[in-house]
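Single-structure report; data block below.
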Amino acid sequence: MAGGSKLSPFGHAIAGTGGAMFALTCTYPLDIIKTRMQVRSKTDANTSDPDVYQSTTDAVQKIIKTEGLPGLYAGLLSGLLGTASQNFAYFYWYTFIRSGYISRQPSGAALSTLTELLIGAGAGALAQIFTIPVAVVTTRQQTMPLGERQDLKSTAMEIVREEGWTGLWKGLKPSLVLVVNPAITYGMYSRIQELVLKAFKRKDMTPGLVFLVGALAKTLATVVTYPYIMAKVRLQWKPSKKDAETHKPYTGAIDVLKRVMAKEGILGWYTGMQAQITKAVISQALLFMVKDQLEKYTIVLFALLAKQKRAKVM
């Protein structure tokens, strides 16, 4: 995300949203798997239970066996809606805040890593506050059994009926903590990109370099923040009817981490991380790669629109 971009915050938001939606569509089965593994531990039942997954491969086999291929895409519509709204908000605010900050600095002054992280965190917090309801609905759709699953609108209304409007913001606190994830990702991406360009003596990144740098940046961010990712999902999860009687509701992210630690040890904090990292790395790398290309086309499109506008005025 270079400081000398010709795109406005709105243009960056369009490109970033397009890249994120493409990436989610490609990696959605991994998203389903990591979410379900996060809410049901290996100790919840024996290995033959179709709702308990021992590995990514085991999850794929059990989901296809019980729900067919469509089961790997449960909640995709709300997932795409959530991704579109969250990434549009994130890229818009990130570029808006970053550009505004740079404009107030001496010409040629470079941003520090801490500044990059703070800008990313601020943009992420603003995005989360406005878009978390869709994330809550998506989590519910992904984790409910086939017979209890509803569409986007019905799921949202059920949450409101049972928990009030605040239920749509369940998991907001850990979500706000997790703004460090994209902050770390984009901060590391900017720094690694600078090193790569200098090392290869290049002015622009190739799609391959963008992919590799994006993957490395996202891997570092995911490893650091994964326990809170798992805690947020468990807070947003609603137990199925067969689990509701024995499940004691969580009171917050710390409560989730304590109870998981007591039952499964510290490794329980990282349940499903293999699928999460695979999904995160692939999706983030695809996002950066597609966004980079979309930015170029968006610049051309905006230039054509501006040219047509000037021609009409004349």
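These residue numbers are counts, starting from 1, taken along the chain as shown.
Each residue, glycine too, has its Cβ placed from N, Cα and C.
Restricting the average to the repeat 'Solcar' (7-100) gives a pLDDT of 79. Here TrEMBL flags 7-100 (among others) as repeat 'Solcar'.
Residues or ranges marked as repeat 'Solcar' in TrEMBL: 111-195 (among others).
Here TrEMBL flags 205-297 (among others) as repeat 'Solcar'.
Under the heading transmembrane segment, TrEMBL lists 12-33 (among others).
According to TrEMBL, the transmembrane segment annotation covers 72-97 (among others).
According to TrEMBL, the transmembrane segment annotation covers 117-139 (among others).
Taken from TrEMBL, the feature transmembrane segment applies to 209-229 (among others).
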DSSP-derived helix, strand and coil totals, residue by residue, for the repeat 'Solcar' (111-195) | 73 helix, 0 strand, 12 coil
